[in-house]
Amino acid sequence: MDAPLCVLFSAAVLIRLVLLCFGVYQDQNLQLKYTDVDYHVFTDASRFITQGQSPYERSTYRYTPLLALVLTPNVLLSAHCGKLLFVGCDLLSALLLFRLLLLRGAARSSARVYCGLWLFNPLTIGVSTRGNAESLLAVLVLSSLLCLESRRRTSAALLFGLSVHMKIYPVTYALPITLSLAGAPSRGRGLIQNLLRCFNKDLLQFAAVSGSVFFALNLTFYSVYGWDFLQESYLFHLTRRDTRHNFSPYFYMLYVTAEHRWSGVLALVCFLPQLLLLSLSSLAFRSDLPFCCFIHTAVFVSFNKVCTSQYFLWYLCLLPLVLSRLTLGLGRGLGLLLLWFVGQALWLSPAYYLEFEGWNTFALIWIAGLLFLLINSLILGQIISHYRPAEGQLKKRE
């Protein structure tokens with residue numbers, strides 16, 4: 001690690017340590033708490049595990065028992081261990097980004113700049129220091145991509161299986177990974193030959209290893225915790241109808257139809273636009289896996305039936321890999337960034353009056369959510385149109 005990068009990481013560590021200390025003070029002395037409520041849910045679930053009980057005894061715990069197991073030091077040692085782990089994963093994500101950027105041909109000076117965008121992003125800093133586990137997922141996703149890009153496919157498969165077990169959304173990367181490992185179809189071959197060509201050794205090995213990890217973990221926890229594990233970790237998220245205000249364009253529709261008999265079917269129908277867009281983006285950008293995963297995640301989050309600000313980290317951890325190949329001018333880039341923040345501010349204003357003043361602003365929140373979706377779509381369109389893949393990837397696509 002060179003000296004400038006050490007300075008960057010040292011400053012990033014210092015900022016996070018200061019915020020961790022400030023968070024302890026705020027939690028103890030102010031009415032508005034710094035620590036994320038999910039962190040208390042994690043800790044309570046870990047406490048149940050140390051007592052030999054199910055983590056699902058804690059209501060609203062909707063995660064794999066593995067997360068509660070990892071956070072048992074919160075109970076056995078100190079309540080701050082989990083936050084230190086998440087901050088460590090936050091920093092490790094930046095290091096993985098740096099290595100990926102170098103592997104993709106970026107200069108060290110440029111890689112440091114793009115790495116700094118993650119290290120000093122207020123959202124990433126706030127999420128990890130408040131005790132949210134998204135940085136743990138960022139490490140698993142970036143590690144999987146790094147192994148795939150460096151052709152360590154067995155390691156990539158292990159990490160991918162683990163990441164899908166930890167949180168279900170990385171399963172959307174299965175199609176672009178499959179297309180990437182299968183290679184481009186040949187015009188001289190028929191449809192059947194091209195389909196058979198997809199099932200090569202690399203793809204079958206990746207599927208076998210990642211599937212084995214995923215199913216082994218699931219079978220293990222199912223044998224211990226039974227149906228509660230499947231329901232809370234996976235099925236809940238498929239049929240979830242979150243009527244609390246969030247950025248999703250479907251939020252208001254699900255809110256007003258919550259009592260209808262067919263509301264569960266409607267919640268499943270909301271996945272259809274996602275499936276269509278994810279399939280199209282996989283076919284269009286399969287030659288550049290990190291870029292394809294970024295587009296996948298941004299589409300998945302933007303069109304999801306539940307969307308909160310912490311979900312933005314799912315694609316922000318991949319954004320530095322994309323920025324290194326954008327031809328956007330600085331002015332236009334800053335303008336798009338400002339537009340993204342304005343979209344959030346327009347949503348947060350009516351959300352504040354609903355949450356803290358008790359005003360009925362549901363319709364305004366929904367309209368702001370639709371506007372935010374349009375802004376995200378515009379930004380994605382600009383990114384796609386100004387993205388320039390490496391020459392080798394252009395030839396591969398052809």
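Cβ atoms are placed via backbone N, Cα and C, with glycine included.
Here is what TrEMBL says about this protein:
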type	residues	note
TRANSMEM	7-25	transmembrane segment
TRANSMEM	84-102	transmembrane segment
TRANSMEM	203-225	transmembrane segment
TRANSMEM	262-280	transmembrane segment
TRANSMEM	289-306	transmembrane segment
TRANSMEM	335-353	transmembrane segment
TRANSMEM	365-387	transmembrane segment
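At the 8 Å Cβ threshold, with sequence separation of at least 6, the transmembrane segment (289-306) lacks contact with the transmembrane segment (7-25), having fewer than 3 such pairs. Sequence-distant neighbours of the transmembrane segment (365-387) (same chain, 6+ residues past either end, Cβ-Cβ under 8 Å): 245-249, 251-252, 291, 295, 298-299, 302-303, 322, 325-328, 332, 336, 339-340, 342-344, 346-347, 349-351, 354.
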